[in-house]
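Okay, so here's the structure we're looking at.
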């Protein structure tokens, strides 16, 4: 009996340990959402005894004084409670179905074109009846030569009436007036020429009296000055227009006009404006 107790307890522990391991294998290890801190199991000292060793020890040995068996504290390893199964995640709400697109309205049928009217039948061309052949014209008889026409008698002019005489007298009067006007213009022109000649001679006499010739003057020398007068005959200005090439002669001509100071002019204002308002005067020395 001492032998059975000594070897029965380790065998019992071994069987119990294998049973616990089998339970873990069958039911699986607990699954946690977050790994729990591992519980350190208490260490149990056990000695595994095989069957060969048991048989060897079964041989009869001198029975020793069996010591009192030590009481070994047995610790029952309780299996950890199975973790509560995680609640399955709530299913996501199914997406609402999109509204079906409204069907497009069917296109209106195009109106059927009206059939074109059938073309009117072309009337058959009328066949013209051939015209009857013209009858031959009669041969005309030869005409007699025409008689020579008599020359018309010359028409006699009607005697002049009063209207003709009035027109003739008017034309004659107009001719006489034009002739008289031409004669008057010619007389005025002649009088103007005579007056111009007269006043030219008077001006030349006045200027020559006041002109002092310098020495060494050539008879071919000519001095031309431009004289400007007032209607009263007063000298306004004297300018040299054409030089003789001899300065002393040019100065003497200008001094002669300035020395006179006033020249004789016609009383007719129109004649004065045309010929004596501004005029050129030539100095020709007589050697």
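Each Cβ is built from the backbone N, Cα and C atoms, and glycine gets one as well.
Per TrEMBL, the feature transmembrane segment maps to 12-32.
The region 'Disordered' feature in TrEMBL is assigned to 53-165.
According to TrEMBL, the feature compositional bias 'Low complexity' maps to 68-79.
For 81-113, the entry in TrEMBL reads compositional bias 'Acidic residues'.
Sequence annotations record features per position, and here TrEMBL assigns compositional bias 'Pro residues' to 114-124 (among others).
Taken from TrEMBL, the feature compositional bias 'Pro residues' covers 147-161 (among others).
As annotated by TrEMBL, domain 'TonB C-terminal' applies to 195-287. Here the domain 'TonB C-terminal' (195-287) has a mean pLDDT of 89 out of 100.
Summarised by DSSP class, the composition of the domain 'TonB C-terminal' (195-287) is 37 helix, 23 strand, 33 coil.
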